[in-house]
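> Swiss-Prot feature annotations, pasted as is:
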ACT_SITE  Ser63  active site, phosphoserine intermediate
BINDING   Asp13, Ser63, Asp437, His438  Mn(2+) 2 binding site
BINDING   His124, Arg153, Asp154, Arg183, Arg189, Arg254, Ala255, Asp256, Arg257, Lys330  substrate binding site
BINDING   Asp396, His400, His456  Mn(2+) 1 binding site
Amino acid sequence: MTAPKPVVLCILDGWGLRAEREANAVALAETPTFDRLMATCPNATLVTHGPDVGLPRGQMGNSEVGHTNIGAGRVVAMDLGAIDLAIEEGSFPQNPALRDFIGKVKAKSGTAHLMGVVSDGGVHGHIQHLISAVEVLAGEGIPVVIHAITDGRDVAPTSAGEFVGQLVRVLPEGARIGTVIGRYWAMDRDKRWDRVKRASDAMLHATGEHAPDAEAAVAAALARGETDEFIAPTVVGDYAGARDGDGFFCLNFRADRAREILAGLAQPGFDAYDTGARPDWSAFLGMVDYSKEHDRFMTTAYPKPVIRNTLGEWVASHGLRQFRIAETEKYPHVTFFLNGGREAPETGEDRYMANSPKVATYDLQPEMSAPDVSDHLVEAIGAGYDLIVVNYANPDMVGHTGDLKAAMAAVEEVDRGLGRAVEAVTKAGGAMIVTADHGNCETMVDPETGGPHTAHTTNPVPVILVNGPAGARLHAGRLADLAPTLLQLMQLPQPEEMTGRSLIDA
């Protein structure tokens with residue numbers, strides 16, 4: 001029996017399952033294609049959080065974690081847990097890159113600027129990592145300025161006051177908060193350089209809103225109608241900007257939303273916007289690798305481990321062709337993260353990126369660029385590829401806005417695209433796995449506060465087999481099991497590095 005061609009992995013980003021219909025965009029939306037597949041095709045559920053994806057117990061998954069595990073075909077120990085462990089066991093203060101940073105800043109009598117997410121969301125950063133770094137640097141007698149990035153997306157939308165207060169209460173002598181900036185400005189990943197400029201101008205030149213202290217900055221933003229994610233870049237107290245000889249340490253451990261701001265702060269030859277005069281940094285450190293380009297001007301505390309024989313690498317090694325498609329917001333996930341942290345395409349790997357719409361928030365355009373993604377997906381299905389990986393961003397990105405009606409519209413647009421994909425795959429004689437990397441839009445109201453729920457969830461996600469082998473059934477599993485499942489459909493052997501198990505029962 002010949003292998004189906006193409007085999008498609010369709011990732012409905014942020015599409016989780018929850019029994020209750022209330023505030024559940026997936027359940028409340030009109031989804032005829034998804035409903036039909038669930039009723040007629042083999043299906044099961046996957047776990048996308050905690051130890052099953054290499055995270056601490058109870059920690060919700062996210063798109064980086066999800067796509068890394070999917071592409072690896074094994075559970076990958078993620079940075080959050082590794083850094084947590086280093087802090088707990090006491091090795092963090094002796095990290096070689098951190099010691100080098102300390103030495104260089106001291107040699108120039110500089111100030112250490114620390115930028116990090118001030119929340120315990122654990123998706124891009126963690127407040128405890130920031131606190132630990134402040135303690136180490138202040139303990140070395142180095143003045144510390146914190147650039148506090150407020151979250152409101154991976155945690156409750158108006159929780160920044162609590163987190164900033166927690167940080168203020170534990171600051172050692174010699175440490176202070178210099179700026180308070182919502183992640184909307186400091187953590188863009190879609191080349192909205194006007195936002196990034198406002199964040200870097202506050203950090204570098206002390207321009208923006210002003211507040212006497214960090215807690216007042218949060219309160220003033222709330223009074224202006226800004227929830228935590230959108231807090232306008234605010235200069236705290238008499239902070240006067242960065243100077244020659246200062247050092248900069250980015251505490252974020254996820255690459256995609258750190259790259260732009262770091263480039264604006266220090267990348268040689270940067271010209272996306274006018275940065276003004278930038279300081280001659282004595283040291284520029286990142287918690288993790290952000291990209292090969294960033295490695296040219298930064299050092300790294302915790303380099304990424306090499307993941308060998310990812311799904312893409314293994315398929316390429318067998319001389320097969322593959323295609324990756326997503327819109328801007330999720331393009332790094334189906335390329336960089338799915339390929340184990342490598343930017344370059346594999347041999348025979350083609351890509352298409354649809355441009356995400358230039359709107360302030362995606363509830364204003366919940367269809368996003370899904371129609372363009374669907375058009376190119378249908379075209380690729382008929383183009384002779386062996387493997388296609390597609391990501392629909394809408395359920396996650398619109399789910400993050402907390403707008404239930406918009407999330408329902410997003411889900412319905414994705415369902416239309418899914419219908420087109422099913423039709424094209426059937427016509428081509430291919431097979432498809434439909435799944436998600438984590439939940440989000442199935443919970444749009446916070447059950448504890450009654451306010452909008454904007455974060456990911458720990459709910460299970462669906463996995464559906466479309467046009468699979470006759471008599472096939474699926475069993476429950478985790479994201480690491482998807483690559484072995486795809487390889488089974490493609491009739492390829494599984495590399496020994498992949499410890500996941502195919503979800504298909506004959």
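Just so you know, the numbers here start at 1 and follow the chain as drawn.
Every residue gets a Cβ built from N, Cα and C, even glycine.
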> Show which residues of the chain containing Ala255 (substrate binding site), separated from it by at least 6 in sequence, have their CB under 8 Å from its CB.
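The list for Ala255 (substrate binding site) reads Glu64, Val288, Asp289, Tyr290, Ser291, Pro332, Phe336, given in order along the sequence.
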> Look at the binding-site residues His124, His438, His456 and tell me which residue has the greatest number of other C-beta atoms within 10 angstroms of its C-beta.
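That would be His456, with the most Cβ atoms nearby.
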> If you measure His456 (Mn(2+) 1 binding site) to Asp154 (substrate binding site) at Cα, how many Å is it?
7
> Which whole-number value in Å describes the distance between the Cα atoms of His124 (substrate binding site) and Asp13 (Mn(2+) 2 binding site)?
17
> Quick check: of the recorded positions listed here (Ser63, Asp154, Arg257, Asp437), which one has the Cα closest to that of His400 (Mn(2+) 1 binding site)?
Asp154
> Count the other Cβ atoms sitting within 10 Å of the Cβ of His400 (Mn(2+) 1 binding site), across every protein chain shown.
24
> Whose Cβ lies within 8 Å of the mean position of the Cβ atoms of Asp396, His400, His456, the Mn(2+) 1 site, other than those residues?
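Those within range, site residues removed, are Asp13, Gly14, Asn62, Ser63, Arg153, Pro395, Met397, Gly399, His438, Asn440, Cys441, Thr454, Ala455.
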> Long-range neighbours only, meaning 6 or more apart in sequence with Cβ under 8 Å: which ones does Asp396 (Mn(2+) 1 binding site) have?
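Looking at Cβ-Cβ distances below 8 Å from Asp396 (Mn(2+) 1 binding site), excluding near sequence neighbours, one finds Asp13, Gly14, Ser63, Lys330, His438, Asn440, Cys441, His456.
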> Closest of the binding-site residues to Asp437 (Mn(2+) 2 binding site), Cα to Cα, picking from Asp154, Arg189, Arg257?
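The answer is Asp154.
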